[in-house]
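Novice: Before I ask anything, here is the structure I am working with.
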Amino acid sequence: MQTLLQYRREQRYASLVQARTDSLKRTLDLQPPSPLDDEKQNSDSDLDLTGREHSSAQLIDVEQQRGSPLTLRDSHGALIKPAHDKTEAKIPVKCDDDGKDQADPHNWSRTKRTWTTVLLFCLVFSQGWVSACDSNVTKPSAKEFHVSQTSETLATALFLLGISLGSLIVGPLSEELGRNPVYIVPSFLYLCFLLGDALSPNFGAQIAFRFLSGLASSSTLSIYGGSLADLYTTEERNKVWPVFALSPLLSPILSPVAGGWIDGHISW
């Protein structure tokens, strides 16, 4: 997964490549005409217009002798481009990618990627579990808080509303800050808000903490697809995704069953 440190490292690398490219471009633009160009200009002074155009097209920059790409210059040292070439001068940039860079999760070992996927599966399952775990205990909770059973269902609705609103924020944040900060910080807040929900003294505190819990859990439920794309290629995701998709689907199905059993044997 992309981390904040990885993001900063890639940013520094991109800045370095850009600086080298600009420096090379300035060197090519400011380089004076070579002696070879002057000799060619003097030897072709008696030719007609067609001959001068033909000879100037044959001027080869001495940089070619050092292994540089072919470059043509006129008598003033300016770069000559073919008439059909409408693009800017291209500067070759060497990028070392030997498939061993551990900053890229695609290059991780299969064991490490599998372990990361299992952790992500459990995280998505646990936060999806909370969305429906109290759907079967609205009657005892409404009785304790002295509200109607319909009003008590507002806790589940606000949890889902928090997920939908938080998804608008965490997606762009994960691209700017990296995946890990957006997973770790909201997940910690999610646990704190769940504790507040469990210890709520009244109905107002309960629905407030439920909304905040949904807002915090939106990080995991929104960007886990991007994390799988970071870990696996398209072909590999075709095998991983059908199994991983069970996490957000099974958790809201099984949690009401467990919630009803807990309410009957312990307390809501």
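Note: Cβ is positioned from N, Cα and C throughout, glycine not excepted.
Taken from TrEMBL, the feature region 'Disordered' applies to 25-49. The compositional bias 'Basic and acidic residues' annotation in TrEMBL covers 37-49. Annotation source TrEMBL lists transmembrane segment at 114-132, 152-170, 182-201, 207-228, 240-262. Summarising the annotation, TrEMBL assigns domain 'Major facilitator superfamily (MFS) profile' to 116-268.
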Novice: Could you pull out which residues elsewhere in the chain have a CB under 8 Å from any CB of the transmembrane segment (152-170), counting only those six or more residues past its ends?
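Specialist: Long-range Cβ neighbours of the transmembrane segment (152-170): 130-132, 134-135, 138-139, 141-142, 145, 182, 186, 203, 206-207, 210-219, 221-223.
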Novice: Can you work out which residues elsewhere in the same chain, 6+ from the ends of the transmembrane segment (182-201), have a Cβ less than 8 Å from its Cβ atoms?
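Specialist: Distal contacts: 123, 127, 130, 166, 170, 173-174, 209-210, 212-213, 216-220, 223.
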